[in-house]
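*Asks:* According to Swiss-Prot, the region 'Formyltransferase ArnAFT' annotation covers 1-304. According to Swiss-Prot, the site 'Transition state stabilizer' annotation covers N102. Sequence annotations record features per position, and here Swiss-Prot assigns active site, proton donor to H104, R619 based on sequence analysis. What Swiss-Prot lists as (6R)-10-formyltetrahydrofolate binding site is R114, V136, N137, R138, A139, D140, and the listing cites sequence analysis. Residues or ranges marked as site 'Raises pKa of active site His' in Swiss-Prot (evidence: sequence analysis): D140. Swiss-Prot lists 314-661 with the feature region 'Dehydrogenase ArnADH'. Among the features that Swiss-Prot reports, UDP-alpha-D-glucuronate binding site is placed at A393, Y398, 432-433, R460, N492, 526-535, Y613. What Swiss-Prot lists as active site, proton acceptor is E434.
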Amino acid sequence: MKAVVFAYHDMGCTGIQALLDAGYDIAAIFTHPDNPGENHFFGSVARLAAEQGIPVWAPEDVNHPLWIERIREMKPDVLFSFYYRNLLGDEILNLAPKGAFNLHGSLLPKYRGRAPLNWVLVNGESETGVTLHRMVNRADAGDIVAQQAVAIGADDAALTLHRKLCAAATELLSRALPAILAGTTDERPQDHSQATYVGRRTPEDGRLDWELPAQTLHNLVRAVSDPWPGAFGYAGANKFIVWKSRVRHDLPAAKPGTVLSIAPLIVACQDGALEIVTGQTERGVYMQGAQLAQALGLVSGAVISSKPVVAIKRRTRVLILGVNGFIGNHLTERLLQDDNYEIYGLDIGSDAISRFLDCPRFHFVEGDISIHSEWIEYHIKKCDVVLPLVAIATPIEYTRNPLRVFELDFEENLKIIRDCVKYNKRIIFPSTSEVYGMCTDKNFDEDSSNLVVGPINKQRWIYSVSKQLLDRVIWAYGDKNGLKFTLFRPFNWMGPRLDNLNAARIGSSRAITQLILNLVEGSPIKLIEGGKQKRCFTDISDGIEALFRIIENKDGRCDGQIINIGNPDNEASIKELAEMLLACFERHPLRDRFPPFAGFREVESSDYYGKGYQDVEHRKPSIRNAKRCLNWEPKVEMEETVEHTLDFFLRTVELVDDKNP
């Protein structure tokens, strides 16, 4: 009978060997690549397959149509799963006419799910076992083919029980596999009303809570002892691991966590006490309990905890490249309002951040990211969070200097991304609403909207595509290399210090700054294609608060996320923005210092931006991810933002005029 096998771990090796011994023809084996973060004490399915001359694969998604088709071509009679970590879809299960069978490490229907071996010890069970059952589209719910019970001894820990289960699996399979081969199995349905479910365990689940009974903690120690990560506690700020313990009821009661003795090392619990027979400090070696007490500096009467009691707080170091820019200087101001952050910044100028230069938590170097690569790499290594905010982000430059846009926005930022991967640093990358391009969705969604750009001869898309490709590179590094990242997409942020009027004079600024320059100089406001394009304008204070919460990253909710940051309620056309700005200008107290309004003038985009430009009719964000990950919503109405922005620039002009009469 031809079999295709899905297997991992010692149980995988046990199952494969049993199939070979029973005379099955194994056409292929599917397994998992070893995780470098795991302690690989178990046998290698891949190595066993290679030694037996059996083809072996470890696909990321075995349920992908390409792999389904490959398995179909193998024409298996039967499928077996031995501790394979992923569920097999119906399309695979239906490929084998004799059915699909799974080996599970408990006496089903009890302990369906992940890590039953550890859970039975945690719960103090006296019996467990292994079950061979038919696979259905619900995990561990199919008819039972055979079971083998295993007694759990009082001295059993995770490894000894694991070995017992492997031996039981060998015995069970020696009976069941020939029956499957002969078609003589005696199967029975599970009683689903008796089913219990357990979930995946993590190292954090090994935390010792001294408020619990000593027997409960002893069971936990047994369940996660070596080669699993171990049960742990804290003496002050020092973490220690308990590998072996015993319950003591012969000492007087005391406050939970109190050290009752150091030789042997005994700690009071809610009910009884726990003797730590062997353990180790976090970076130490395996040792007896009395030596562990000495290494931790414990004395009788000391109190230990489940969490670090004394933790030296270090500020989060944030590296901001482009710190003098619009987002950079406002973000610096917000971070310095919180004592938890220390900022390292680099930019080619310092006019916008001069107000922070005397702050001891702000460290600034004037420089160019294309020149100061060694400084940047050193500070990426030194800091905790990296925000590469340097980019050319003004539309006229996309057609005027497309290669410079590519060199700075893509090539220089790619170096920074790779350094973050190299030093395992979290990157918060400024994507852009431009990546959505000419998307036709009513609201642009980070996870489902298509990213639509124009033809190659429309060079204005070089910015959008450069940013999109970096988004994809970062995503791939996160998926394949474990890079911690968040991508944020600003939607038309406005406020004080957005560009400057000198940049607007040469056309290298965002829309509102250009419009303010027209009012200040008394020149006509140019409306590209009539100013019908709609945007959603976001106050810089709202945007920065969202970005601050991304940096905070409470409970890791922003890891691996793409987050639009915009105000969908502040949607307006460029013409409506200009009219609102004009109304604010006319009632401003400094209005009489400036020339009369010169009117609106409609111009074609090719006349203003040059050939290669293509505009976008609307750009409205979905902020579902921002609400979910950040508990954030924008608050500032558009007119208030326009007033503040205009006031800042008009008073800047006033200061210049006062100095230069």
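These residue numbers are counts, starting from 1, taken along the chain as shown.
Heads up, the Cβ atoms here are built off N, Cα and C, so glycines get one too.
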*Asks:* Determine, using Cα-Cα distances only, which of these recorded positions is closest to N137 ((6R)-10-formyltetrahydrofolate binding site): A393, E434, K526, R535.
*Replies:* E434
*Asks:* Determine the minimum-neighbour residue: among D140, E434, E529, listed as recorded positions, which Cβ has the fewest other Cβ atoms within 10 angstroms?
*Replies:* E529
*Asks:* Among the binding-site residues listed here, V136, A139, A393, which has the most company in the form of other Cβ atoms within 10 Å of its Cβ?
*Replies:* A393
*Asks:* Measuring CA to CA, name the entry from the recorded positions H104, V136, A139 that ends up nearest R535 (UDP-alpha-D-glucuronate binding site).
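*Replies:* Nearest candidate: A139.
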*Asks:* Below 8 Å Cβ to Cβ and six or more residues apart, same chain only. Which residues does that give for N102 (site 'Transition state stabilizer')?
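*Replies:* Listed in sequence order: F80, S81, F82, L132, H133, R134, M135, D140, G142.
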*Asks:* Report, as a single number, how many Cβ atoms besides its own are within 10 Å of the Cβ of S433 (UDP-alpha-D-glucuronate binding site).
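*Replies:* S433 (UDP-alpha-D-glucuronate binding site): 25 neighbouring Cβ atoms within 10 Å.
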*Asks:* In whole Å, how far is R619 (active site, proton donor) from K532 (UDP-alpha-D-glucuronate binding site) when you measure between their Cα atoms?
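*Replies:* The separation of the Cα atoms works out to 12 Å.
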*Asks:* I'd like the number of other C-beta atoms within 10 A of the C-beta of R114 ((6R)-10-formyltetrahydrofolate binding site), please.
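*Replies:* Its Cβ shell of radius 10 Å holds 16 other Cβ atoms.
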*Asks:* Largest pairwise Cα distance, Å, within the listed (6R)-10-formyltetrahydrofolate binders R114, V136, N137, R138, A139, D140?
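*Replies:* Overall maximum Cα spacing for these binding residues reaches 17 Å.
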*Asks:* Measure from the CA atom of H104 (active site, proton donor) to the CA atom of R138 ((6R)-10-formyltetrahydrofolate binding site) and give the result in Å, rounded to a whole number.
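*Replies:* Answer for this pair: 13 Å between alpha carbons.
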*Asks:* Which of the recorded positions listed here (H104, R114, A139, S433, E434, K526) have a Cα atom within 10 Å of the Cα of R619 (active site, proton donor)?
*Replies:* S433, E434
*Asks:* Of the recorded positions H104, A393, E529, which one has its Cα closest to the Cα of V136 ((6R)-10-formyltetrahydrofolate binding site)?
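*Replies:* Going through H104, A393, E529 one by one, the Cα closest to that of V136 ((6R)-10-formyltetrahydrofolate binding site) is H104.
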